[in-house]
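Asks: Below: one structure in structure tokens.
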Amino acid sequence: MIFKLFRFTSSSEEEINKKPNTQTIEIKKETDLIDGCEFESVITIENDPMELILHQKPKHMICKKSFIHKSNLLVHTRIHNREKLFKCKICEVSFTSSSSLNRHKLIHTEGRLHKCEVCKKSFIQKSNLLVHTRVHTGEKPYTCEVCEVLFSTSGSLNRHKLIHTEEKPYKCEICEKSFRHKSTLSEHTRIHTGEKPYKCDVCGISFYSMSNLLQHKFIHTGEKPFKCDVCKLSFNQLSNLKRHKFIHIEEKPYKCEVCKKSFRRKSNLLVHSGIHTR
């Protein structure tokens, strides 16, 4: 943007000095009194469309997120439109961008490229391997500035920070339920659409999320990776471990709104509430 000060210039002189393809916008008029004579100065700005393109980032009208390139904005709009143009030819899962599809395709490759030297676990992306190595080193470089809890990844820290603000910025457009994390909202919307893209290759049962599928697979393998840190009892489902922990702390988080009796499990509360409806 180029600022110019015009004083006593005729319209013809302004046209000569003006750059082609620009629009002159008047910002401010000032009047000065010098030696008894009145002078008027006009401050204008020349609005060059090409300069604006260079200095303005394309912005999405709904979420106001900005992008350097217009092509990135077009890809981003597919999130709001739920438009998934790129489909995997193997499992038919769809994605909003070609880069997401290309990352997904690596799942179907037989050999995973990056292997942990400690436990020999393999990863598709090198960045995932680097994050994984912190499990062995115990490195947690990301600190919460509120409660000083440490995290191994920046993503984990950002998700944790929402606990302090109680902010739930991601709202379901169908039922208006809000969520702290975008990934949780994506999983939730599949309840409305009925989409279950993750299928167990053993029994054929499908799931809304990859995490549910992975936990389900422990039933087939017999693996119980969720261990109670008090009594060391192990479980194949995280939800079972959470229910179990109430035994040690004697917490009863589910309270009857009628008689105020509390229960450890939601299922027990539902059975109890039937007493009041009879």
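Backbone N, Cα and C define each Cβ position, glycine as well.
TrEMBL annotations: computationally assigned, not manually curated.
Pasting the feature list from TrEMBL:
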- 63-85: domain 'C2H2-type' (DOMAIN)
- 86-113: domain 'C2H2-type' (DOMAIN)
- 114-141: domain 'C2H2-type' (DOMAIN)
- 142-169: domain 'C2H2-type' (DOMAIN)
- 170-197: domain 'C2H2-type' (DOMAIN)
- 198-225: domain 'C2H2-type' (DOMAIN)
- 226-253: domain 'C2H2-type' (DOMAIN)
- 254-278: domain 'C2H2-type' (DOMAIN)
Asks: Taking every residue in the domain 'C2H2-type' (226-253), what is their average pLDDT?
Replies: 81
Asks: In the same chain, who gets a Cβ under 8 Å from the domain 'C2H2-type' (226-253) while lying at least 6 residues past its ends?
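Replies: 215, 218-219, 262-265.
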Asks: Could you tell me how many residues in the domain 'C2H2-type' (142-169) are helical, how many are strand and how many are coil under DSSP?
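Replies: Taking the domain 'C2H2-type' (142-169) as a whole: 12 helix, 4 strand, 12 coil.
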